[in-house]
Amino acid sequence: MGNLPCVGEKDEAWKQQNKEMEANPAYQFVNLTKGGSLIEAYNKEGPQQVVQIARNEMAAFLYDVDGKTHRITESEFLRWKWKCSQKASGSDKTETISDQKLKAAHVEDYFHKFTPHDACWDLDKRGGVGETPFHLLFLMDSPVHFEVAKILLMLYPNLALDVYEGEEYYGESALHIAIVVGDFELVQLLVEAGADVNQRATGRFFLPEDQKKGYTGHTNYEGYAYYGEYPLAFAACLGRTEIYDYLLEHGAHPDLQDVFGNTVLHMVVISNQSKQMQQRRSRGRICEMYRYALHHHKIRASTCVKNNDKLAPLALACKLGRYSIFKEMMDLDSIEFWRFSTTLCSAHPLHTLDTIAPDGSTNKNSALMIIVNGDKEDHLEMLEGGVMRQLLIEKWKTFAKKQFMLRLVFAVTHIVMFSICVYTRPMGSRLLEYRGSVDAVRYTCEIMVTLNCLVKVLYEVTEIFRQGIHTFINICSHAPAQTVYLISCLLLLACLPLRLSRLHAVEDILVILAAPCVWSSLLFFARGYSLTGPFVTMIYKMIVGDLFRFGIIYVIFLAAFTQVFFFLFHDVKVEENTDLDKFSTFPEAILKIYQMSFGEFKYDVFNLSHYAPLTKIIFGLFLILVPILLLNMLIAMMGNTHLKIISKSTKEWWKQWAKIVVVLESGISKKKLLQYQKAYSVTLAASSEQRALVVISLCSKSKAKKRKEAVFRWKALSREIIYQLHHSNLQRQQFVLKESLRKGRLLDEENHTMLTSTVTELAWVKDIDLTKGHSFVTDKDSVHSYSPCDLSPSFLRSPAHAVNGSPIKTYIATHLEDSNPHEVTGKAPSTPKKRRRRIVHNKVYPLITTEKEVVMNASDTLQSFVLDDSESDVWDRISFDDQLSEEEKMQITNKDSSQPQGSVADDRV
């Protein structure tokens, strides 16, 4: 791990290691080719020879022959780095340098800052990147190397304290490598030997890719080996739950922050461990590392810690577009109020979700704001349903709808008055003249339009001072139409001084430019409706994406052919030929070529050029490249954009609607926003100001069903442990439970006990009444030959009815000890209330028959149960009864038969 060069990065560290392999004596014990004297000694002569080499030859490389530690100071570290730089540059100078000069010349790196630490291996006798042979033993990842490492750790326990000292892998210890390898035994040995469980690996190799050349302030957190520096974060990112537990028990803490401020929960989000584990497992039931760290029995990780970008784990998941883990985080952060069957009422805290901060300001790092600004498809999924959609709906009902309608009325009024000003506007110097009622109406409308523009501009200026320029720019990016409308207001306000200074021509130009900008403001309101919203989104995306890319290429071709035709028709004088005159100046030539791009040209004009044949050839090339190729490419790109948006038009519209809500919210004062937030949320505690959103949702499974499945799997696990203990030859060794992939038989004609037990378990999980198991028998007259149950005529006839019209239930009580079951007839209920269904314990007895057809029908039903259970995991594939001895089966059967009759399935949970 610590010696592999990164893709796209300079490989000086790798070159330095390979360069020193032959000359550096540290590599004689273990090298990068999985060789060395220690490995050869172990393979040829065994552990004793390894111990002899370690004591006789390796002791000279340690600070102390007995393996005692030495504290490396900053002066020693800087001097070692200076020696390494001299060696890397090929300098043979033996001059010395004082400690003062070394400290003065040293520039501390932002990421790996030196702190004095203990070491066992001499710093001046290490490898090319500051490693020791002990590190290489873990790095080679082979059983022989691990055994040699255990021997060295037994002789010199303080080797566990050594870390990489080179800049590339600075801080990496053997504990980090053991966690990556996944060897729990090695981790235990290292921690027991004194390895630091909070050692930070801050070398360049462990940084995100965009930070390896230097700190840039912000990062996308994407890196090949960015695991959060701490060993505990390494274990969490790689899903090593057993190692995670062990490190917590020995002093590690999940809320320790790395150089970017990320904790264990942040790192699980960055590594997206849930998605990786989902790819590893085939049955969908996975161990979520985020849930594991958040609900750990010893130390629970905190969800409130923010990193250097002011992002909590939930906000970070939104920024990176981790939809799968985002849903899980929303469920884990919720507070359950009540549950009825599959209906759940829960509260979701708003401090990380809502764009309204506790003080009423705009929370730029909230989940909703980040999702609205996101451009990934997962961001659309986050708005598709659930809590985020409910939050938007509540905001819309509380204040956004009212603000939306007020702005719409204001915009329509402004457009109407502006249109009256344009249609009644005179030309020239008569703008200040009064000609009657028409001018009176025009003056009134111009005054109203000017006041509206002034109010709009002053309002936006106050918003800039209140929220900041960055927030204002962000809001403008959400509403391009509103931004264009603001530009029109500025243009119309600029007409006022021009009118007074009688610059009517300039005023006319500004009014002409402002007219389309005023009308484009209606696009903002068109986005608020599902009928027109997706089409407005298409226009925005086509302008920003397709037209922008097309424009860059088109300008290149336009400029090239404009020069060619301008030169070909230069100084050509023909009377009364207006088309030819259009090539006389360069601006006119550009407009003419632009017109020719759409097929507007006269072929006869080309005969008047200086080189008529060449002109026609170039014109043919122009037709192929521009009208045929480029324009059709533009149409294809727009069609592709239309297809993408229309395929997810609902999601896109939800996102545009969310942007409208955010824009409308930005125009409300802090005090009113807090009042609105209190209207659509609840207080979590009487003494707390924390608000939460109440959401009523449907769950896929009820709590009772989850409890049944949990009990069933615990029973399966206990039986698997018993089975593995019976079939293992353990004497004094530690028992390790292995994953079993044994598949049981669904049908066994020789031993029907297995089928009975399996059907019983499945019926209990599915809550199925198998007292109606006689329905598997096609001939009801022959049921008595298959079952010891009493099938008297009173049982087969239609049930009696009570006074209220409901049938009186009849139960068949059966005992394994008593072969003469008796009929129990229920009494009519005193009230018309529905009775609770009772399930007889021995509910599969009619299935135990000697006829092959009946057993086959039961087997088909059982198989359908297994295929329908899409949520079952590896334990559902285990069948235990076929592997148990006859004595164990009898014990289980006697235990089951001793339970009381008529027990309800829910009472087992």
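The backbone N, Cα and C atoms fix where each Cβ goes, glycine too.
Remember, predicted model here, so these are calculated numbers, not experimental data.
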Could you tell me which of the ranges 358-381, 886-909 is annotated in TrEMBL as region 'Disordered'? 886-909
For the transmembrane segment (547-569), sequence-distant contacts whose Cβ falls under 8 Å of one of its Cβ atoms, 6 or more beyond its ends: 580, 583-584, 586, 589-590, 592-594, 597, 608-611, 614-615, 618, 622, 625-626, 630, 633-634, 637
Under an 8 Å Cβ to Cβ limit, what residues of the same chain, 6 or more beyond the ends of the transmembrane segment (404-423), are close to it? 441-442, 445-446, 448-449, 452, 485, 492, 511, 515, 518-519, 521-522, 524-525, 528, 660, 664
For the transmembrane segment (617-638), the distant same-chain contacts (Cβ-Cβ under 8 Å, at least six residues beyond its ends) come to 542, 545-547, 549-550, 553-554, 557-558, 561, 564-565, 568, 593, 596-599, 601, 606
With a Cβ cut-off under 8 Å, give me the same-chain residues at least six positions beyond the ends of the transmembrane segment (509-526) that come close to it. 404, 407-408, 411, 414-415, 418, 422, 425, 479-482, 484-485, 487-488, 491-492, 494-495, 498, 532-533, 535-536, 539, 660, 663
With Cβ-Cβ distances below 8 Å as the criterion, list the same-chain residues six or more beyond the ends of the repeat 'ANK' (170-202) that contact it, or say none. 1-2, 111-113, 130, 134-135, 138-139, 141, 146, 149-150, 153, 157-164, 227, 229-232, 234-235, 238, 240, 242-243, 246-247, 250-253, 256, 258-259
